[in-house]
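First comes the structure, then the notes that go with it.
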Amino acid sequence: STEYIRGINEGRVSSMESVCSEHSPCEHGNIECECIFCWEHDAQCKSRRRELDLGEPTGSERGMANNYEQSRNEDLYCTETVPSSAALQANTITERDIREDFTDQTVDNIYPQLHSGSRASEQLEFAFPTIGTRSWEILIRQSYEHLKPDYKEEDFQSHIRRVRRQLFPEKTMDNNGSQASTTQMLRDDIERCGIESIADSASEDNGDGVDGTCISTVDIQGNCIVNAHGNEQATGSKTRKIRATTTPESSESKKHKGSNNQQNIQEQSSTTAIADGHDIVDGELDGRSESNRETAYYTFVLHKNNCKEDWRYIATTRAKQAPSFITFDHGDHIHILFSSSNTGGNSTRVRTRITKFLSATSAGNAEATITFSKVKFLRNYILYCIRYGIETVNIYGNKIQQQLTEAMDTFKVLFENRDPNDVILDAGCKLYHEEKKEYQQKRCGQRKQQNLTDIILDKIKEKKITTAQQWENIIEPEFKIQLMKEFGLNVDSYVQRIVRIERTRIQQIIKSKTLTEIMVEILNEEYIKNFTPGEDNSKLQNIIQWIEYMFKENNINIIHFLAWNEIIKPKRYKKINGMVLEGITNAGKSLILDNLLAMVKPEEIPRERDNSGFHLDQLPGAGSVLFEEPMITPVNVGTWKLLLEGKTIKTDVKNKDKEPIERTPTWITTATPITNNVHMNETSQILQRIKLYIFKKSIQHREDKYTINAQIQNKLISRPPGLVEPIHMAIVFVKNFKEIYKLIEEEDNAHTVNEKAIRLSEEAKQEAEEWQTALQWNTMEEEQKENEKQTEDQDKESEKETATQ
């Protein structure tokens, strides 16, 4: 499939191979050239010489032959010549012809220099026919028939893509998706790809040239003609975004491109208004590069009188790392710009860090929440800040983010090219909004409700508010007044509804967790606040020891008690749905349950609710319930049996229809037996549905004749060494985790297990075991320190006694 041209050039033999079986060599004198002047489509490349290499005469020089009229039927390597008038009688070859035309086609016969090889006698899998045969004649005349291109559409498209890759490799393509490039870069790329002639003059109709002063988008046509279009046509086009490579060369190319772009922009006429946007490609100044597609810009407004005067000094004394943000000073207020995740999940936390860094007051926090919004178009936002006047611009943060650096670069470019007529220094700032025109008239209604909901919800989550009264007690008056100024008197109705929704959401999450998972969460959040490695943690250990001591004094196995709490919470057994703590006054019943169930958040129902006709109206939808001193009578004993068994019952709700109460884990604290007022038969049925623990000793309170009577005179235990908190009960629970679940497995054999009970996941089990190991090590270290301290004290006392003797 290879043709050879033989020519004589000044007495020297020169030959040249054609890279294609049907076209002439390249006019550039390069036999391997693939430029667009030689090859118009990819189909011709199929005929290109690739694998087969028969060599060339020794001493030959590559070049163009002088004699083009020489017969093409002469072959440099063949001693025979095919007559030009010969005609093929048939296009088919029989089996007999093949045997005759391909005789003795072995490695040894075709390549004598390999006659001594080990495989020289093997038949060739592919060989040329014997010279002069019909097969040889057909091969010479019709060798390219099966390689003719079909000129299909995909061949043209493939060639166009190949030329695109050569002209504009990925490292020089813009990252903003519009395929923008400077014409100077076009010239460099065209010269690199071997295109010798491209018109350097600008056309009169579009005004685009190659003088390096205009940024434009580029389209590559099928005939490989480069057309430059203005930004008016490119803006908003949805072209494919080409990702830039991360090689050092690409980084240098990006820097070079950015410097060229900035230089080109500065060369524009100073009378052109930046706001028109005809000379800036969208995305270049919007900060939409590949590096920050996953991030977004956010902004809010903060008046200076809503910040403390000495906030700069306070910021220098903070131990935490300063957040990264930019401030645009507009006199009495500042506009703050920062970057966060595009989904907005982390933006609220970053905003809170910034307001704390600026020492914002309660009114300032409310203002930041109200004016908080997402910046979709960075260039428009900066033009907005410039239009209403700029006093100073500052960037803060120990580590300046790349997105903020890009924003500052954009600000510098826009500020230097600003139109003085657009700057209104004495104008008051309007609230910055980015929205479609059809939504502008609806803003007052929809956005106001959305902003108020977001503000209240953020505050509820921050302060962990679960009731409307907690909102009144915890939230600062300045914050509530600021909300009333913005949204009026309907704030209270929003608060009540949002609090109810948030409480229901939390209850649904707690319902799906075991007590072990809740205890581990407490450790993850609170343990580091109460335990400091290398320091004196004896107070923490003393409270834990006191809890174990209290159970021991009441003759209650603490592991058994904790195991049954883990059974009741996930509804593990059928027909057992309640736990009762019975004991004398001040025995520590409520102390234990309040700290053990602090994160379970049960609905608390006191005794006075028994006189109400709606005493169970809090239970529909509740995750758990805690009764204090309930009164079980023959009238309501049936309801209590169903409740303690875990059956679904219906209850009356004020101004509503009856609502069902699903199975709800129940805890009860009482000073007298709960079955005192019911029949003996009812008593046994109730006791089958509960787990009962009796506390016999009271915690020492105060030495007073009115509080200490004969009943508890000899049944006192010491007061705790400190305030008992949920973290202490969590440590006691997790420290005995394996023993608790070992006991639960034993109890499973004696009870009917509920198939719908909540199960402990393997991940939570592994985390609890890790915590148990860590707590045991800490306990051992503290005990060792305590023993060493006691030994030292004993030695000192013995030394004193020896000295006195």
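Just so you know, glycine gets a Cβ as well, placed from its N, Cα and C.
The annotation active site, for nuclease activity is assigned in Swiss-Prot to Tyr381. Annotation comment: Swiss-Prot describes Asp329, His333, His335 as divalent metal cation binding site, evidence class sequence analysis. According to Swiss-Prot, the ATP binding site annotation covers Gly583, Ile584, Thr585, Asn586, Ala587, Gly588, Lys589, Ser590, on the basis of sequence analysis. The compositional bias 'Low complexity' feature in Swiss-Prot is assigned to 259-270. What Swiss-Prot records for 786-805 is compositional bias 'Basic and acidic residues'. Residues annotated as domain 'PV NS1-Nuc' in Swiss-Prot: 151-425. For 231-276, 776-805, the entry in Swiss-Prot reads region 'Disordered'.
Structure coloured by features recorded in Swiss-Prot.
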residue : record                             : DSSP class
Asp329  : divalent metal cation binding site : strand
His335  : divalent metal cation binding site : strand
Tyr381  : active site, for nuclease activity : helix
Gly583  : ATP binding site                   : strand
Gly588  : ATP binding site                   : coil
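All protein chains included, Asn586 (ATP binding site) registers 18 other Cβ atoms within 10 Å of its own Cβ. Least crowded of the binding-site residues (Ile584, Thr585), judged by neighbouring Cβ atoms within 10 Å of its own Cβ: Thr585. Cα of Asp329 (divalent metal cation binding site) to Cα of Ile584 (ATP binding site): a span of 66 Å. In this structure the C-alpha atoms belonging to His335 (divalent metal cation binding site) and Lys589 (ATP binding site) are separated by 54 Å.
Confidence in the domain 'PV NS1-Nuc' (151-425), given as mean pLDDT, stands at 59.
Geometry remark: Thr585 (ATP binding site) versus His333 (divalent metal cation binding site), CA distance 59 Å. The C-beta environment of Gly588 (ATP binding site), restricted to residues of the same chain at least 6 apart in sequence and closer than 8 Å, consists of Met550, Phe695, Ile699. Note on Gly583 (ATP binding site): other Cβ atoms within 10 Å of its Cβ, all shown chains, come to 19.
Taking all protein chains in view, 16 other C-beta atoms sit within 10 angstroms of the C-beta of Asp329 (divalent metal cation binding site). Taking the Cβ of Ser590 (ATP binding site) as reference, residues of its chain lying under 8 Å away and at least six apart in sequence are, in sequence order, Glu628, Thr669.
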